[in-house]
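Here's the structure we're looking at; comments come further down.
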Ligand SMILES: Nc1ncnc2c1ncn2[C@@H]1O[C@H](COP(=O)(O)OP(=O)(O)OP(=O)(O)O)[C@@H](O)[C@H]1O
């Protein structure tokens, strides 16, 4: 049990580090809060909330994995190296893919009811 609590502690510490140091992480959090607010406004169904929350989790996780890759690469290769560049660029690409898909999912799920609420 103590080991589990310790693992939770280090995981929360990792989340805190990402929020404190990564401006993109804070942008994702603001976007997630805005999406949740809009979801509440249009009264999403439980399954729609599930998809939105899963999407938010994927984006947050991708950003945190990107941060982990950046730190590991800086530790392993403090100098400029083409392989270090590839590792960081691919990790950043993963965040971009997740963020683009998240925007598409948000538009598909929240777009139609929001449109009706505003213009119908
Ligand atoms: N050691 C390196 N060798 C070669 N290129 C690097 C190296 N470190 C960073 N780069 C290049 O600079 C880019 C930015 O790297 P950096 O570590 O500054 O990330 P960042 O801008 O802090 O990313 P984020 O904004 O997500 O935190 C990388 O995607 C890569 O193209």
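Each residue, glycine too, has its Cβ placed from N, Cα and C.
According to TrEMBL, the feature transmembrane segment maps to 49-69 (among others).
Sequence annotations record features per position, and here TrEMBL assigns substrate binding site to 63. There are 25 other Cβ atoms within 10 Å of the Cβ belonging to residue 63 (substrate binding site).
In the three-state DSSP reading, residue 63 (substrate binding site) counts as helix. Annotation source TrEMBL lists active site, proton acceptor at 63.
What TrEMBL records for 70 is divalent metal cation binding site. Classification of residue 70 (divalent metal cation binding site) by DSSP places it within a helix. Long-range neighbours of residue 70 (divalent metal cation binding site) (same chain, six or more residues apart, CB within less than 8 Å of its CB): 88, 91.
Its own atom aside, the Cβ of residue 88 (ATP binding site) has 17 Cβ atoms within 10 angstroms in the protein chains shown. What TrEMBL lists as ATP binding site is 70, 88, 89.
The transmembrane segment feature in TrEMBL is assigned to 90-110 (among others).
Proximity to ligand 1 (Cβ under 6 Å from any of its atoms) holds for these binding-site residues out of 63, 70, 88, 89: 70, 88, 89.
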